[in-house]
Amino acid sequence: MGLQPLEFSDCYLDSPWFRERIRAHEAELERTNKFIKELIKDGKNLIAATKNLSAAQRKFAHSLRDFKFEFIGDAETDDERCIDASLREFSNFLKNLEEQREIMALSVTETLIKPLEKFRKEQLGAVKEEKKKFDKETEKNYSLIDKHLNLSAKKKDSHLQEADLQVEQNRQHFYELSLEYVCKLQEIQERKKFEFVEPMLSFFQGMFTFYHQGHELAKDFNHYKMELQINIQNTRNRFEGTRSEVEELMNKIRQNPKDHKRASQFTEEGYLYVQEKRPAPFGSSWVKHYCMYRKAAKKFNMIPFEHRSGGKLGDGEVFFLKDCTKRHTDSIDRRFCFDIEAADRPGVSLTMQAFSEEERKQWLEALGGKEALFHSFNRAILPRPEGNAQLDKMGFTILRKCISAVETRGINDQGLYRVVGVSSKVQRLLSMLMDVKTCSELDLENSIDWEVKTITSALKQYLRSLPEPLMTYELHGDFIVPAKSGSPESRVNAIHFLVHKLPEKNKEMLDILVKHLTNVSNHSKQNLMTVANLGVVFGPTLMRPQEETVAAIMDLKFQNIVVEILIENHEKIFRTSPDTTFPEPICLSASPPNAPPRQSKRQGQRTKRPVAVYNLCLELEDGDNPNLPKEDTPTGSQDSLSSPSPTSATVHGPPGPERNHLLSDGGSCGEWTSTTVVSRKARAVYPCEAEHSSELSFEIGAIFEDVQASREPGWLEGTLDGKRGLIPQNYVKLL
């Protein structure tokens, strides 16, 4: 049972039971007061904890924003650029989330803490004051009654009547005060329910608003998350292929390091200990130097370097060689030594010590010293061992036979071309295919003796056994360059141009194979072999560098991109002629993309910007500008970021200063010519901070009015918040 009601009629009697009921009401209000006081304290602690969490989240976001991945090589794939930029995107997401959290923390103060403090001070505090008055009047009333009743009956009647009147007036005052106090007690008991719960309701509304905002942010983030997952998966797939190639090269070098020396501009290079003579009686010391020698110029460079001191690099010396002589152990108490004389230092002779006798012989040969062994150490590029496979009529028969069998029997097999066959069976099938007699007898389409994975592995093995890769050593570097930079459309144009420079047989076989791979990718829902997966499998099969190095293997991911472009654009590349006005692909820069270049008429050079997360090409409707190059159309795919897609856009970088010469010839992503008069709206897809008064600063999502071409390549002009200025064109998307 709850508290008993306080009847006004009981105020006059003021019975013990009435007083018990009053004390029960007072105890309940005191308990409520303590609870609200503790709740306010907890609420303030909650706000402090929220602010601490927000500060930690912001610090975490700043750490994400400030870090940048370094990459191996001279360029990144579009997938890698998107992964690099993801840290900044995560940072922005956290920043937006913390802005909502700060709003929530502020609402806790305004909607919960302040109303509760007001209720506690104004309402509960008022009751406390009423209680003090009631207790005081109770004491006064009953003290007066006690005193009055002790009056002697012998007092004068006038005196007694006056005392009776005073007591009655006091009792009436106490009765009225009691009525007011009882009314206040019951009023506050009823008021506390809504005065307390209403702020709690507002508090939870604010909290749910915060979580709803987080949900909305998550919904907005979901599309980017899906795209990023594709980028990560593509990069992981390429990494697996690259790692296996690196391990294979490492094992080759481990077994025979001398056969894998890199081509160098120097005739000989390596570490030598050089004797440094000191004044008597200190004798001499031997200091390790990294030495490099060019035989044609007789130029000798040496730089002191000590690994044990943390890799400290000393000052180098350069001189021209005059003579070199081998030192025998009877003339010096050290092995593997030789002397060299400098042509530009008359009378100066340097004594050097190699690490071994073999290395001394190599140095003596390179330096033209006595007792040289004059065998060739010219580090020519090592040819790959040639197999029996040839690019001839038999080769085309093998290709068509395998493709026909795969498309008849296994086009929907999961992991097609990725699942490998048993090595011994693959070798046996390939041997039979390469024999004219047995090849004609093989019926791969209807035979159950040969598994589909054996056939696909034999096909790949044939292509890898060719004397040189199908896309040739000569054009290997040219194919790689456009995959590293430029807009998706310019990449396709470059690959298109290069494919038609291949020898006719190479191009014909590549056409047959890529047409088949296009068909395989069309069944990717069943076989799971997307364009990106096929690129991972056939990148190293169709393209190989002539020299095996780690740097070349790091370009494997770009080989995969080239194959993706071939598959996704098969009809255009192999069924149409390339644009004869398209510049030689060698013009494309492999440098990482940057912000647009500044013209010489402007002060200074614009600093490089990080690649935008979304960084989409400008999209123009057909007919907006007849002079626009085709690079305006953004491309993308869930399989690969090198193909056109109506639903998504490729993440790629803006053109850099190094490509300025190309922009003037072939155009760039979203380029506007100087004659463009189209006026459009545009939305910022990446934040930008102005570096000159003529430029606009903006955040992601900013909407620009009256956007037109600028005279400066790579820049647009637009209006934002009433101010007109320059905008980097690759930081916005036309609406």
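Heads up, the Cβ atoms here are built off N, Cα and C, so glycines get one too.
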Q.
Between the candidate ranges 234-258, 584-608, where does TrEMBL place the region 'Disordered' annotation?
A. 584-608
Q) Of 57-84, 141-168, 225-252, which range does TrEMBL call coiled coil? A) 225-252
Q) DSSP says what for the domain 'SH3' (677-735): how many helix, strand, coil residues? A) 3 helix, 30 strand, 26 coil
